[in-house]
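This report refers to the structure that appears directly beneath it.
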Amino acid sequence: MPRCLNTYVLGDFIYTLNKAREQLNECQNTEKDGRKKRRRRKRHIIDFKEQDKRLWPQPIPYAFSTRFTDEDSRDIVRMAMWEWEYYTCVRFEEVADQKEFPTTTLAITRPRDDGLCGSHTGRVPYFKGNRQEIFLGKFCIAPPIVVHELGHVLGLLHVHTRPDRDNYIKVIWSNLGPKTLPQFDKMSADKSTTLGFPYDVNSVMHYGPRIFSKSWDAITMKTKDPLLQNSMGYPSRKNIQFFDAKAINNFYCKGWCYWTVYKPPCEHDGYQDPYDCYTCVCPDGLTGALCDTVIPSEGEHLCGGVVYASASKRTIETPNYGRGSYSPLQTCTWLIKASEGKRVAFTFTGARFGLQCYKKPLLQCVDSVEIRYGSSIAVTGARFCCDVLPRVTVISETHEILVLFRADYDITPNGYDSEVRSRTGFRIAFWEVAGADRRTIKSKY
């Protein structure tokens, strides 16, 4: 075996025979050139223009193998499929397991290794018996993990291996075990496509910050923007992200609006709704036929809206701030706009700050405020929670920012005596500044 394959691991996706041969040839060529590092060529999403056969017909047939018998586990898989169905035009159809399927069928299998999670990428049409297996070990049966594996099934690969990932994250190689290093090989630019979508650290296809760490409290990926660290991967992710769904819909919904030449001029990276071709699919927090306004608030109090920045400071705050607590399940969304050519500056102010969270064993926001200040407000922003006032002042990259406040149920003790149950809320001051590249003026969070 070539030395460069000694540390090769499958991770959570599986090579076909042709891909394995391609990998072996590349590995051997690398050794011949005297290079120590091996690059594994992968796509962020399969180029279905060149490989139409890798696109699943609809609905996607799936069957639970005879080894996958636990009904609770089956329901979690069905729940993950429903989530993809909710955000995309992909559909799944359950069929009975059999040795020979008439067409390529997703065979959900329980491997002997309880920790094994693995899937092929896209549809592979030449397996024996038309059985394309997805392996879900006992420790993989959690909704976020199954959703991730189904992302591979549909054609997605890991965001943190994009060719441009070094612009957004830093891999802490010293905290990784040697056998896991290939999991962080970057994709080569000539063999990959990002579809022109921005980098999202909270994508369903982005690993969490401690994945494959030598010790549970050491991070293996660090965001270049320190405010985005708490937004990376699981457990901060609660749903399929906007650009995950947009990528899948880009391929699976093509032609759905064939009957009209009209294409709505969607704002904020929205795109034509395949179910209502005269309107747009909008990022979280935005609505309207063209994604030009914010969604209404939910809960006991009215809050949120479109507000405009000026040279003088203005503020937004959670309901009852300074007078009591906000209510469970309260949501508020603000779209803050500066004049064209200007930027929005913002900072947390007020004497108190409190949003429910768990601090141990890992930080996990229960309630949070997310601020999207990058080049696209459709991309996950910085999330803040717990009880320490963030000491940050930030200037946006464009003339607007999106602020999303989301509250959940009352917190449940987790046994670590580390819960923050405060519902004090927050106050944010904002104002308009001259156009400039976004920068953090000061940061301590």
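Cβ atoms are placed via backbone N, Cα and C, with glycine included.
Unlike curated entries, TrEMBL annotations are predicted automatically.
What TrEMBL lists as domain 'Peptidase M12A' is 43-254.
TrEMBL lists His148, His152, His158 with the feature Zn(2+) binding site. Cβ neighbours within 10 Å of His158 (Zn(2+) binding site), excluding its own Cβ and spanning all shown chains: 23.
A sphere of 10 angstroms centred on the C-beta of Glu149 (active site) encloses 21 other C-beta atoms. Residues or ranges marked as active site in TrEMBL: Glu149.
Residues or ranges marked as domain 'CUB' in TrEMBL: 303-433.
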Using a 10 Å cut-off, grab the number of neighbouring Cβ atoms around the Cβ of His148 (Zn(2+) binding site), all chains included.
27
